[in-house]
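Written out below as structure tokens is the structure these notes cover.
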Amino acid sequence: MNPDLLDHTVAEIAAEMAQRPDRGAVASYIPELAGVDPQRFGLVVIDADGHVAAGGDADMPFSIQSISKVFTLTLALGLAGDRVWRRVGREPSGSAFNSIVQLERERGIPRNPFINAGAIAVTDLILSGHQPREALGEILRFMQFLAGDDSIVIDDAVAASEQRTGFRNAALANYMKSFGVLDNPVEYTLGVYFHHCAIAMSCRQLALAGRFLAHNGRNPSTGHNVVSTQRARRINALMLTCGHYDGSGEFAYRVGLPGKSGVGGGVLAVAPGKASIAVWSPGLDAAGNSHLGRIALEALTRRLGWSIFGV
């Protein structure tokens, strides 16, 4: 990739997004997120050679929220392998990310690891055999290792805010517990879940952490394999089909990349073999995904010809 072209494209898109009046609405159901400035926008692209193109608020930390689910799934697969799929499916949900009705209909087995119920089940698997603090420490250290940055932390205020208001997540967890899907005390599993969703990262840190998914499971920064090639491809497949809740089809249609969103306004996207991409714009669309984040990524893939479906 020509680094000058990449720098120019990222700067151009960041400037365009700064001028757009349609910014979506910040997540209001988590009090700590409700006060985030909707004018913020950051974009970072790290290509296969390690060149970093950054625009806007690229180094401002934000709450990654559900983007953490990509990394907890990666950890859980490393710990338990295919046993993960006894607890959670691999199909798009077609429902809201916190739907209770679907969970009831399917006897406590979540559709995929990226909706809330699925991520809670994955968190429970990581927690097994550990104290909550140990499990959470393992998740945080994994994120720091991938990004090569020990300054990444959990925003305790956001975690506390989610714990105070996370009644629907508690309902999901208790429902799964009633079907034997969860092994650990619900309050322990939820505590770890709320805290890993409250990890704060910048676009630069997030793009660094996601590089292994763009390079067949290998972290180019260290040269070490994080996961196998097959596992990286399968995680990317789930990101493409399930990474944006019931907006996943629209994201695939418009952007054409595997991606995972969070209600903090972040999106981690993967251009296989080409780049790891992180974008942040706090305003959300009706499906709970970053409004300008999707528009920016669509512009990026169109201008660079990076859609996995061809130019």
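Placement of Cβ uses the backbone N, Cα and C atoms for every residue, glycine included.
Copied over from Swiss-Prot:
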{"type": "BINDING", "residues": "SER66, ASN116, GLU162, ASN169, TYR193, TYR245, VAL263", "note": "substrate binding site"}
Per-residue Cβ crowding (10 Å cut-off), top of binding-site residues ASN116, ASN169, TYR193: TYR193
Packing count at VAL263 (substrate binding site) (other Cβ atoms within 10 Å of its Cβ): 23
Cβ neighbour count within 10 Å of GLU162 (substrate binding site): 23
Cβ neighbours of SER66 (substrate binding site) where a neighbour is any other Cβ within 10 Å: 24
Where ASN169 (substrate binding site) sits in the secondary structure, as DSSP reduces it to three classes: helix
DSSP-derived structure type at SER66 (substrate binding site), helix or strand or else coil: helix
